[in-house]
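In TrEMBL this protein carries:
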type	residues	note
DOMAIN	C:25-530	domain 'Cytochrome oxidase subunit I profile'
TRANSMEM	C:37-58	transmembrane segment
TRANSMEM	C:78-97	transmembrane segment
TRANSMEM	C:118-136	transmembrane segment
TRANSMEM	C:161-188	transmembrane segment
TRANSMEM	C:200-227	transmembrane segment
TRANSMEM	C:247-271	transmembrane segment
TRANSMEM	C:283-307	transmembrane segment
TRANSMEM	C:319-340	transmembrane segment
TRANSMEM	C:352-376	transmembrane segment
TRANSMEM	C:388-413	transmembrane segment
TRANSMEM	C:425-449	transmembrane segment
TRANSMEM	C:469-489	transmembrane segment
Amino acid sequence: MKKGVLKRAMAVLALLSASALAESNGESMRLNLTKGVTDISQQVYDLHMTIFMICVVIGVVVFGAMFISMYLHRKSRGAKPANFHESTKVEIVWTVIPFLILIGIAIPAAKTLIAMEDPSNPDVTVLVTGSQWKWHYKYMDNDVEYYSVLATQPEQIHNKFEKQQNYLLEVDRPLVIPTGQKVRFLITSDDVIHSWWMPAFAVKKDANPGFINEAWTRVNEPGIYRGQCAELCGKDHGFMPIVVIAKEPADYQNWVDEQAEIQRKAKEEEQKLLAMNMSMEELMENGQKVYQSTCAACHQGNGEGLPGIFPALKNSPVATGDVKHHIDVVVHGVSGTAMQAFGKQLSLKDLASVITYERNAWGNSTGETVQAKDVNAVIKGQ
Amino acid sequence: MSNHTSPQHNKTVFKLLLVVVGMFGFGFLLVPLYDVFCDITGINGKTNDTAAAYQHVEIDTSRLITVEFITRTNTGMPWVFRSETKKIQVHPGELKEVDFYAHNPASYDIVGQAVPSVSPGLASLYLNKTECFCFEQQPLKAGEEARMPMRFYIDPQIPEDINYFTLSYTLYDVTSNKVAMR
Amino acid sequence: MSSAAEQVHHDEHHDHHAPSGIKRWLYTTNHKDIGTLYLWFAFIMFLTGGAMAMVIRAELFEPGLQIVEPNFFNQMTTVHGLIMVFGAVMPAFTGLANWMVPMMIGAPDMALPRMNNWSFWILPFAFLILLSSLFLEGGGPNFGWTFYAPLSTTYSNDSTALFVFSVHIMGASSIMGAINVIVTIFNMRAPGMTFMKMPLFVWTWLITAFLLIAVMPVLAGAVTMVLTDKFFGTSFFNAAGGGDPVMFQHIFWFFGHPEVYIMILPAFGIISQIVPTFARKPLFGYASMVYATASIALLSFIVWAHHMFTTGMPLFAEMFFMIATMLISVPTGVKVFNWVATMWRGSLTFEVPMMFALAFIVLFTIGGFSGLMLAITPVDFQYHDTYFVVAHFHYVLVTGAIFSIMAAAYYWLPKWTGKMYDVTLAKWHFWCSLISVNLLFFPMHFVGLAGMPRRIPDYSLQFADFNKWISIGGFAFGLSQLIFLALLIKACKKQGEPVSARVWEGAEGLEWEVPSPAPYHTFETPPVVK
């Protein structure tokens, strides 16, 4: 009788695990910590499993004793209470044994920790700067730097479009690093505290404003790896993912050279732009696009801001007052507020159009256009 | 009902209140304590904020330490700010000078304050700056440029395992005491 | 103890003076009345904070933003945390201390009855201020209950001032409550009630009270610094002015870690009262329980930075805080072993308080295991600020602290009302809570290991299935507490079978010597403890 029940239970369990396995072929979630793609992340995974198994064993022993007692020493089974209430011997034993177990865990943990905290002699150094709510990467050995922003469409977030595969884990410009080389991350922040977390590398380091932190990795396999900001950093904390592409060193070198070339050309283009004047329509059209992707998160699409948190631009003294001041605020940001310096993030053309847009949208009818050369004048201090 | 024990209560309450007041004070005492603790252990990577005198120490030519310089301007700071030297190799005990360049492109005067940070933090204990623009605020008039020198040496006591460290300066706009000094 | 009859007489005498209606509760200096007020307040706050958790879980039911905006979501997580910590768990423990400590040590009342009244009545105002800030322009606090600078200083909105003010009041209330407990225990024990004869609930509360007066002032200091940084131009946490944002975390967690033990030590005391009663066997290792509690309290002062491993500490600090944290598991383990040894060869029955106590032992220990895993610095880099941490602290706080409070309520409620509560409802409450709480928090371990950060209003698609189940568990757990509410209302209407003075067959201690319901005034003539 009992055997039959057991068999049936086993069958159910087998079925459940089979369906779980079947699901894991699809889009289902990994249940355990990732092993990652670096030696360190593998060590971390092993540590995690060791300590987990130790906990399971202790749990089985302690809860086992408890459940046996609950079964055997029930009053309803006629158990008579014993009267012992201390035993120095037993108490010493169960103080000493945990101590020994802890020492057993501490030694490998310390070894891994020492290996993690040695960022010396890097092959590549990247300065990672967090700001509300994007990451900025700067390659210290090349003239390459850029912002990396969430690429998921707002329509997906607001359930208007269907959510795509890498929902909330995709960025416009991922960080690219070489495989097999020691990559050092210098991590800091422009505003509040963020935390740069890449599970596959077992790297998580806080970005503290005004201070730099270090971490490093050596990735074994090329691939695309995804992570997220791991420290509450305000409204859009959940919307600043991290994507890293690891490439073979040769591919990486090509990529770096290409980027340096692109960034150089972009600067040249900008110089040419200084001589040109864009029409109001062009500026407004481009400005609206830039505004929606860059400014609307805080100042809102309708320019009304979030009262008490982010100021409105509609009828605001900045957006309807002195042009130069308006450009200054957008280009350099306002210290001590969430208003960032967009001079480093947007091209002259985008800056000019977004400022024009802000001065002429939502009933802000200054009728003024701002051109690339006006913005450049503020940046250069002319 | 418990009147006869009242004086005893008062005594205990008084002692406990002393603890409360003491711990409130201790909360604030943690601020200087933290700084002292950081000075001793280097845990937050802050460097000395007043000039160190250069003591003639033996130059340890057997070691070369790489120092990397990083400059950043914070939000709201329009200055151009860069280090003329990206990396430098020094022997412990050797006095070196590096130049930083600052330019205020804005049409108004700005006072800047550079905040140093060293990583790994431990290295900050052995970095002695005899002269640094970060010791005081730097006022620049509209359009003005400045070369800002920084002179330092590394204490030869620096542990064997530190042979590479990074010194970063973040430049803040502190004009008109927007941010008061502590 | 011979004076039970005398006391009944006294009560009648005293009750003539007691004002009635709302004034009775406003002016009361009676420890039992104040205990009741604390407990009801805590329960109301528990439901309020729970309602916010429901908002959080509803938003997280599926990916995408459906119900609330991210900024409001952050206010919900922040205020949920503040309310549960300072409004539910801590006042509930203070309420239990008010009711039980004088009765357990044979004292007629708390030592400072008027201060007792005050320390309760400032609490509702603190939470009124905090909750009203949610309705201001820009909303209430949205920087997490840990209010890390500079998010809470430079980058917060003006309602931060209200947040600071309300935390100050909560702190003052806790400090006054703690002083009262210490003075009562030090000066008002019945003759013969030596320290090593005190029931463990009294012991753990004594140690908790010392923790409270040691760290609540530090919290007050921290919020004051936040206030001056935000409004008065100081730069404690602002790098530009020579401050350090990481220092905020050091100060906060210097308060915050002992605070964790403030919320669990009284729970240890409660379980140590309940398990012997229903095992009909004295507590195993009384002395080692006391020493273990004291050593946990002392160790709690040197482990704070294990909350901050990712802030970039040097190696030696990471090692130190890792090892100190692991050490805490030794005395905590001793406690669990002692409870199991108390049950061993006892004569067990499983009344509702015992059911909650047993659930506590198992589920709190699971929370302890994940705590041990979190202590290992290199692995903590992976766990930190993920749902693994959320699972961990909800296991120790919900199935730990809150289950112990429910166990205590079911254990002492008949003593308070004189009637047995509705046991069927109580069992429904237990089983519904037990199943739903595990459905709610257990999958969070997996979600966290798979890489879901905490405090996010939206998540990637891989986490969708689990979050749905977690939300369902959350709603079920929330609804289960309404059973408790129904039971409490019935109990307050004094429905049910009358109970004896001892209530439970195996109950030992002074509180069981007085009649049920406990008279308004007890032990006016101190009992003699042999």
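Glycine is treated like the rest: Cβ placed from N, Cα and C.
From a predicted model like this one, the values you see are computed outputs, not experimental measurements.
Same-chain residues lying 6 or more positions outside the transmembrane segment (C:247-271) and placing a CB less than 8 Å from one of its CB atoms are 85, 89-90, 93, 96-97, 146-149, 199-205, 207-208, 211-212, 214-216, 218-219, 221-222, 225-226, 236-237, 289, 293, 296-297, 300-301, 303-308, 311, 335, 339, 357, 360-361, 364, 393, 396-397, 400-401, 404-405, 407-408, 411. Taking every recorded stretch in C:118-136, C:161-188, C:200-227, C:388-413, C:469-489 and counting its Cβ pairs under 8 Å to the transmembrane segment (C:425-449), the highest total belongs to C:469-489.
Pairs of Cβ atoms less than 8 Å apart link the transmembrane segment (C:118-136) most often to C:37-58, out of C:37-58, C:283-307, C:352-376, C:388-413, C:469-489. It is C:78-97 that, among the stretches C:78-97, C:161-188, C:200-227, C:283-307, C:469-489, forms the most Cβ pairs under 8 Å with the transmembrane segment (C:388-413). Most Cβ pairs under 8 A with the transmembrane segment (C:283-307) among the ranges C:37-58, C:78-97, C:200-227, C:352-376, C:469-489 are made by C:200-227. Spatially, the transmembrane segment (C:469-489) is not adjacent to the transmembrane segment (C:78-97); fewer than three Cβ-Cβ distances between them are under 8 Å for residues at least 6 apart in sequence.
The average pLDDT for the domain 'Cytochrome oxidase subunit I profile' (C:25-530) in the predicted structure is 94. Stretch with the most C-beta contacts under 8 angstroms to the transmembrane segment (C:200-227), considering only C:78-97, C:161-188, C:352-376: C:161-188. Beyond the ends of the transmembrane segment (C:352-376), by six or more residues, the same chain brings 264, 267, 270-271, 274-275, 277-278, 306, 322, 325-326, 329, 332-333, 336, 339-340, 383-384, 388-389, 391-396, 399-400, 403-404, 406-408, 410-411, 423, 426-427, 430, 434, 437-438, 445 to within a C-beta distance below 8 angstroms of the stretch.
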